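Colleague: Let me give you the structure first, and then I'll get to my questions.
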Amino acid sequence: MLYSNTSKNLSERDKKHLWHPLTQHKLHPEMLGIVKAKGCILFDENGKEYIDGISSWYTSMYGHCNDFIIDKVYYQMRQLDQVVFSGFTHEPAVKLSEELIKILPVNQEKLFLSDNGSTATEIGIKMALQYHHNRGKKRHVLLAFEEGFHGDTFGAMSVSGLSVYNGAFKDFFIDVERIPVPTDKNAHEIVDFLRNRLEKGDVAGFIYEPLVQGAAAMKMHNASHLNNILKIIKEEDVLLIADEVMTGFGKTGKHFASDYIETKPDIICLSKALTAGMVPMAITSCSIKVYNAFYSNDISKGLFHGHTYTANPLACSAALAGLELLQTEEIQGNIQEIVKWHQEFNEEIKHHPKVASTRQIGIIYALDLNVKMKRYGNLRDKLFKHFMDNGVFLRPLGNTIYILAPYVITKEQMQKIYNSIKSILNII
Ligand SMILES: *Cc1c(COP(=O)(O)O)cnc(C)c1O
């Protein structure tokens with residue numbers, strides 16, 4: 001036997017050496033062993049099936065273990081597995097750059113590759129700070145939305161809203177000022193505030209999740225309010241960093257959330273669905289204006305950032321396969337279908353006394369329950385368990401339940417998710 005100890009279950013063996021992300025192990029010691037996934041279904045070690053209603057954190061949008069993607073990655077595995085990307089290049093990276101640039105907002109010209117969403121935003125932040133530094137300007141402040149989430153590395157943590165995630169590190173953050181997300185009520189105030197604040201000339205960049213703030217429980221804001229803010233900020237040569245790690249690749253109904261907004265970002269951060277959930281990778285794209293501030297005979301003006309696995313050929317080939325699928329009529333048609341199903345479901349439940357509010361953009365649907373509860377409290381755990389018992393994997397955030405299912409979900413599977421939500425409304 002290659003592996004010893006396989007008679008004990010995964011959950012039990014896990015406890016001995018593994019430390020899980022975003023987990024207080026004393027309060028949540030149990031991990032569920034997953035042995036297999038196909039399409040929209042996860043299979044646990046006891047043979048129970050779950051519909052993956054959140055696409056394993058918004059990654060597996062074309063379904064798990066998608067044969068089309070597997071074939072492309074397998075071909076690449078036999079061709080070229082890994083090579084240094086400093087001084088070398090290869091077909092999957094070149095082809096990916098050509099294909100991705102075609103669908104990114106028109107001002108995006110250059111792509112910097114890395115490994116995960118946090119590094120994508122970290123690099124975006126470094127680009128913005130060094131952009132001004134290279135041009136001889138002293139700009140050290142970053143602007144961000146109050147409830148944003150941009151990842152768990154230091155720069156990314158600094159620009160994220162304060163929470164249990166990053167509270168322990170707040171004395172070590174880079175300089176950040178947070179502004180509220182615009183609503184009909186405060187949009188004018190924010191604009192006035194920014195006009196004054198930006199005069200000082202010390203702001204380097206503004207990082208934002210366009211239209212949907214994922215970790216803030218799928219909070220949504222309006223494109224025209226956001227556009228007004230972006231316009232003012234951009235006029236002051238503050239770089240706009242759109243964190244589309246969650247929103248990218250079709251989830252909002254367009255390829256990118258920035259496609260809804262007239263003022264285009266200088267920098268865009270991508271990951272999660274980029275590689276269709278097959279292998280980790282991220283990209284920070286930028287306009288030629290940004291790139292040119294680094295392009296120099298002076299070596300120290302270069303962007304000296306890099307990761308060992310940058311542009312891993314397998315990851316690039318998975319991303320290429322994902323991009324190809326995204327642009328098929330089939331997937332685009334599925335997206336339109338899911339949008340309609342959510343609208344119909346919304347009509348059904350929006351007036352339920354246990355539903356405080358609902359919202360939707362593209363295939364992202366969220367509802368707030370009319371109950372008070374803590375983000376990490378018992379009721380949240382009860383909801384989670386109810387869904388899992390019903391064979392549905394949803395991960396409520398506080399009193400928000402949201403659906404972000406793969407584009408390949410069937411109507412029957414989606415109905416099962418809807419039914420599990422309806423049943424919870426009647427027992428809480
Ligand atoms: C998930 C996420 C990140 C962080 O990505 P990781 O790959 O988990 O490091 C950053 N920004 C947004 C908007 C995200 O949703």
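From the backbone N, Cα and C atoms, a Cβ is placed for every residue, glycine too.
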Colleague: Please pick, from ASP52, ASP184, ASP243, ASP368, the residue that TrEMBL records in the pyridoxal 5'-phosphate site together with GLY117, SER118, HIS307, THR308.
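Modeller: Checking ASP52, ASP184, ASP243, ASP368 against TrEMBL: the pyridoxal 5'-phosphate site match is ASP243.
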Colleague: Among the binding-site residues SER118, GLY306, HIS307, THR308, ARG395, which have a Cβ atom lying under 6 Å from any atom of ligand 1?
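Modeller: So the answer is SER118.
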Colleague: According to DSSP, which of helix, strand or coil covers ASP243 (pyridoxal 5'-phosphate binding site)?
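Modeller: The three-state answer is strand.
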Colleague: Within 10 angstroms of the C-beta of SER118 (pyridoxal 5'-phosphate binding site), what count of other C-beta atoms is obtained when all protein chains are considered?
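Modeller: There are 22 such Cβ atoms around SER118 (pyridoxal 5'-phosphate binding site).
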Colleague: Roughly how many Å lie between the Cα atoms of GLY306 (substrate binding site) and GLY117 (pyridoxal 5'-phosphate binding site), rounded to a whole value?
Modeller: 15
Colleague: Looking at the binding-site residues listed here (TRP57, LYS272, ARG395), whose Cα lies nearest to that of GLY117 (pyridoxal 5'-phosphate binding site)?
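Modeller: Comparing Cα positions, the closest of these binding-site residues turns out to be LYS272.
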Colleague: Please work out the number of neighbouring Cβ atoms within 10 Å of the Cβ of THR308 (pyridoxal 5'-phosphate binding site), leaving out its own Cβ.
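Modeller: For THR308 (pyridoxal 5'-phosphate binding site), the 10 Å Cβ neighbour count is 10.
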